[in-house]
Amino acid sequence: MSNKKADSKPQARYPVNLLDTPFPMRGDLPRREPQWVKDWQERKIYEKIRAASKGRKKFILHDGPPYANGDIHLGHAVNKILKDMIVKARNLAGFDAVYVPGWDCHGMPIEIQIEKQFGKSLPAAEVMQKARAYATEQIEKQKAGFRRLGVLGDWDNPYKTMNFANEAGEIRALAKIMEKGYVFRGLKPVNWCFDCGSALAEAEVEYKDKTDPTIDVMFTFADPEKTAHAFGLAALPRNEGGIVIWTTTPWTIPANQALNLHPEIVYALVDTPRGLLILAEERVEACLKSYGIAGTVIATAPGAKLANLRFNHPLASAHPSYKRTSPVYLGDYVTTETGTGIVHSSPAYGVEDFISCKTHGMADSDILSPVMGDGRYIESLALFGGLSIWDANPKIVEALDEAGTLLRTEKYLHSYMHCWRHKTPIIYRATSQWFAGMDIKPNDSDKTLRETALEGIEATAFYPSWGKQRLFAMIANRPDWTLSRQRQWGVPMAFFVHKETGELHPRTLELLEEVAKRVEVSGIEAWQTLDPRELIGDDANMYEKNRDTLDVWFDSGTTHWHVLRGSHKDELQFPADLYLEGSDQHRGWFHSSLLTASMLDGRPPYNALLTHGFTVDGEGRKMSKSLGNGIDPHEVSNRLGAEIIRLWIASTDYSGELAISEEILKRVTESYRRIRNTLRFLLANLSDFDIGKHARPVGEWLEIDRYAVALTANLQADILSHYDRYEFHPVVAKLQTFCSEDLGGFYLDVLKDRLYTTAADSKARRSAQTALYHIAHGLLRLMAPFLSFTAEEAWKVFQPQSETIYTETYHAYPDVPEASTLLDKWTLLRAVRSDVTKALEEARVANQIGSSLQAEVEIRAAGARHDALASLGADLKFVLITSGATVVKVDSVDEEGVDVITSKYLKCERCWHYRKDVGESAEHPTLCGRCISNLFGNGETRSAA
């Protein structure tokens, strides 16, 4: 480093070694950071990191792809910066840590954008063309945003799920799981969005409050005699009445086909003014009170006794088409927490309902499904045909009332399923879909998909650890995976289906490979334009192309297949070392990736999962437009610098919510300023130091320098253990403490006298600089993962011949002899120094002294304290920053103490110490003897400090 003395200032009569540095005090981050981003791109720094890391053990953090739609938000910034910190830390630790960013490109959000811009009547080929163009534009915008945050990666070669190779890879993954026997077609209730016109994945469902009408409805007796016998009666006292259900979905009543009771719950036959009512015994009092009637229990029976009884549909008297009966089935899922203890069953619109009816022998063809994909009833449905189910709710309530079967209705606020895109209510709807069976045993294993996935979870490391139980519970309880979607912009389930039987073509696996080859060349458009005769010849008369597309969670969930081992197999590898996403991805990408890898490989695609929380404001509230509490990372970068966002993320415990506000950013900015000032001090005092010319061997270092380097080496070992566990907030906290207390509050404070006043090339000063050189090397590398711009800026000043700090590895410190003993000794000395500092402050408050250099101290110490202090000799005063220090040995701790004496000597003009020899030199009457020696003689000698 070159000597940068402040030439603009007039030359002092007795100069000190006060050096300058081109590393400025002010970061000016909003202006400088974009210059570094441009510089990294132009100099191809990521490629140079790869070249420097070639041949090392790989570390693969596989990027969970953000959706290619819209500007990046603060959640994106948290996610990408956490990934960037880990990748940089792993590279510095000596790994070949590759980072290939990716994007999720297919699916509803982009299709909606195309519909908004161009309408809904575009042909499929044009939808795909415009969707590709839109996704490409969004990717470029997001890419620029991520680069601006200081994230280094293979931005020129990212993976995109819409790349032809990746689309083809998905089709091949589908073929593989079909070959193993996981895929089947069936009628099942699935999450259905009317606005999407498609099934939804579990991860695409969110819950919001919704107000619905609840109804208590009576299904009248169809066979009074059997009902009487079930309750142990010879006959019913009268035949009026029935069994009562409670539901929050009146729109499902037209499709009712059964009633469900718990086999062990006791049910009561109650005589009331509305007839004989069957209710769960423990719900009788609450129900009758809500109906405003009195009643008497005349018989009871467990649910098991009532199995297979039949009751009339509650609209039977309203229209002939409802003149049917509903049987009683038993189900363990029925409870008495709310309602009547009886559940009405519409198998097309409820998972338990469907399972119960199928278990009792109901055929798919017998299941009533009057609700169409757009949320309207089929025109042929009596009384309500053509109505939206939500509009039909009040009309159904009215019809039940007129039929005499409505006992009660009220408005009910409850948490209800909504589409995450449209924010509109969704339903369960039985449709014919393609599924991956959770409880299917493939033809190459004796374990079901669920069992394989759960075993995989046990073998995975989780950060934080609670993520394991969360994912385990989700997999343990989830239904079969609905793979199919009814959309255009997605990877096709490229099957040929028999027009009459619905069976797949016998050559399906072979045909999927043929389609994949075409998609690899021309994209998924190749399936749209494919003439079936090209592949199946005359069979095209009997088969039609399946129009379903794959769930977009299959797109991203198979990136371990078509990216790690496909489009980017040369850069990446399977399994990945780490997947890192927000906590919502336990039911999203973590989840779908686990299932696909369990099917394809019998193991998870990752060795570890890291979960981070969501951003909230300073009061812990979720960020939203309505609250106006959102924080835009682009705005913060332009106002304060991306480095402040990075430092905020690194200093926050990401395992919980990440709170941010202007006040928090202000505190982070102040923390950054203190770190920057520490770096500036180090760089300034190393600006005339050349390691090749000026370095001193460890054996010649002053004792405090050996201590400081040993302390920094210990800090590095501690911090690297945190980096290994992906813990960043302890790293920041310990570095901040080190900079402010160990360096600023102690070592650098003590060092200033030696750096500034001893001869420029003296052993004492070069010893200090050699220590500072190692400390600077260590600190810059330790900070580089999170303070990326600042570390690089400081590095280019510190090591201008080096291309970038990111091709380095963590600093190798020289071995300090007897480091442990040294650390213990100086821990004790610093404790004494704290006592002295307190005594000096008391003297200052009492106006006994001004600065600490105006004081001399006498320390009474016993045992090890005395020995440690005495070992420093004349250098003790430099450690205490006083003009004199003496140590008096005492016998016990009780006698220990500090006396502060105001110095009676004159102050040296140059070093500001009060010394007896100031004025003894006629030639330099304002200087002390050591300054005269340091300036004009052989220089002072120091051994400890």
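Cβ coordinates come from backbone N, Cα and C, glycine included.
Motif ''KMSKS' region' is the annotation Swiss-Prot gives to one range among 212-216, 372-376, 622-626, 667-671, and that range is 622-626.
Here Swiss-Prot gives motif ''HIGH' region' for one range in the set 66-76, 132-142, 935-945: that range is 66-76. In this structure the alpha carbons, written CA, of C908 (Zn(2+) binding site) and E581 (L-isoleucyl-5'-AMP binding site) are 61 Å apart. Same-chain neighbours of the motif ''HIGH' region' (66-76): 103-105, 107, 109-110, 113, 135, 138-139, 141-142, 145-146, 160, 582, 614-615, 623, 630-634, 660, counting only residues six or more beyond its ends whose CB sits under 8 Å from a CB of the stretch. Residue counts for the motif ''HIGH' region' (66-76) under DSSP, helix first, then strand, then coil, are 3 helix, 1 strand, 7 coil. Per-residue pLDDT, averaged across the motif ''HIGH' region' (66-76), gives 94. For the recorded Zn(2+) site, residues C908, C911, C928, C931 set the reference point as the centre of their Cβ atoms, and the other residues of that chain within 8 Å of it by Cβ are T757, E909, R910, W912, H913, R915, V918, L927, G929, R930, I932. Each residue contributes its Cα atom, and for C928 (Zn(2+) binding site) and E581 (L-isoleucyl-5'-AMP binding site) these two points are 63 Å apart. Take the CB of C908 (Zn(2+) binding site) and look out to 10 A: across all protein chains shown you find 25 other CB atoms.
Cβ neighbour density within 10 Å is lowest for C911 among the binding-site residues C911, C931. Residue environment of C928 (Zn(2+) binding site) contains 28 other Cβ atoms, counted within 10 Å of its Cβ in all protein chains.
Within the same chain, residues at least six positions away from E581 (L-isoleucyl-5'-AMP binding site) with a Cβ under 8 Å of its Cβ are G64, N79, G588, W589, F590, L610, T611, H612.
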